[in-house]
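Asks: Just lifted these from Swiss-Prot, have a look:
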type	residues	note
ACT_SITE	P2	active site, schiff-base intermediate with DNA
ACT_SITE	E3	active site, proton donor
ACT_SITE	K57	active site, proton donor
BINDING	H90, R109, K150	DNA binding site
ZN_FING	235-269	zinc finger
ACT_SITE	R259	active site, proton donor
Amino acid sequence: MPELPEVETALRGISPYLKNFTIEKVVVRQPKLRWAVSEELITLKNVKIVDLTRRAKYLIIHTEKGYIIGHLGMSGSVRIVPQDSAIDKHDHIDIVVNNGKLLRYNDPRRFGAWLWTENLDDFHLFLKLGPEPLSDEFNAEYLFKKSRQKSTALKTFLMDNAVVVGVGNIYTNESLFICGIHPLKLAKNLTRNQCFSLVNTIKDVLRKAIIQGGTTLKDFLQPDGRPGYFAQELLVYGNKDKPCPKCGGKIESLIIGQRNSFFCPKCQKRG
């Protein structure tokens, strides 16, 4: 599943081809995604795109009439292609602009979404989201206060979008390993020093992943078709039974919150 670095990579890749250009039309070949594609999209003609931003794992295309909100789901991707490009089986949506290009959304599993709102502040999917992990709002004191009385596994806690958005499974695994904290540690038992270390590490891991163009494991490619190279930097994620890069012991895995978790039992003591 594309996480924050992958979505940020997509945003940076598509923005130069869309910002300040005009939507000529939106072609919807498959409206049945996770939620039905908003009907307003197919009515967009001669509408200028004024900006592109991201909130959590949502792409936001700001137009002069409202906002197109895209989510890549489990297997979705976006790319910029010439308007005469051949259409593949899972190419569900095209946003055609007046520069000879179009934004094409491909999604084999159809768990993504393309929605419309005229008021971003009241958009229902954003109302309960926590802070952005790279923002100043996400800091050690915030994490410490948020974790009090939380008798849940730390890994699950960090992947809760009401706590902090977009960190995701891969980057939570990597951050906990770097900090030497067991993924099953109860959130309420975090110390202030551990919160300080975690916040700084999460920010550092995410920034590095963005620089590398995200992590390509299966479905994700950058908008220009290249893979994300952060997979080459992964320390524990997907490395079950391989040597720990710190101590040489064996990396183990277990299921936490229905997601695969990878850790070193020697370097990440539970407690």
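Each Cβ is built from the backbone N, Cα and C atoms, and glycine gets one as well.
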Asks: How many Å separate the Cα atoms of K150 (DNA binding site) and R259 (active site, proton donor)?
Replies: 19
Asks: For the recorded positions listed here, K57, H90, K150, R259, which shows the highest count of neighbouring CB atoms within 10 A?
Replies: K57
Asks: How far is it from R109 (DNA binding site) to E3 (active site, proton donor), counting Cα to Cα, in Å?
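Replies: About 16 Å separates the two Cα atoms.
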Asks: Please identify, from the recorded positions P2, R109, the residue with the sparsest Cβ neighbourhood, meaning fewest other Cβ atoms within 10 angstroms.
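Replies: Ranked by other Cβ atoms within 10 Å, the recorded positions P2, R109 bottom out at R109.
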Asks: Starting from E3 (active site, proton donor), work out which of the recorded positions listed here (K57, H90, R259) have their Cα within 10 Å, and give them in sequence order.
Replies: K57
Asks: Is it possible to list how many residues within the zinc finger (235-269) are helical, extended or coil according to DSSP?
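Replies: Residue counts for the zinc finger (235-269) by secondary structure: 0 helix, 12 strand, 23 coil.
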Asks: Compute the C-alpha separation of K57 (active site, proton donor) from P2 (active site, schiff-base intermediate with DNA), stating it in Å without decimals.
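Replies: On Cα coordinates alone, these residues lie 8 Å apart.
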Asks: What is the biggest Cα to Cα gap, in Å, among H90, R109, K150, the residues listed as binding DNA?
Replies: 41
Asks: Rounded to a whole number, how many Å is the Cα of R259 (active site, proton donor) away from the Cα of P2 (active site, schiff-base intermediate with DNA)?
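Replies: For R259 (active site, proton donor) versus P2 (active site, schiff-base intermediate with DNA), the Cα atoms are 15 Å apart.
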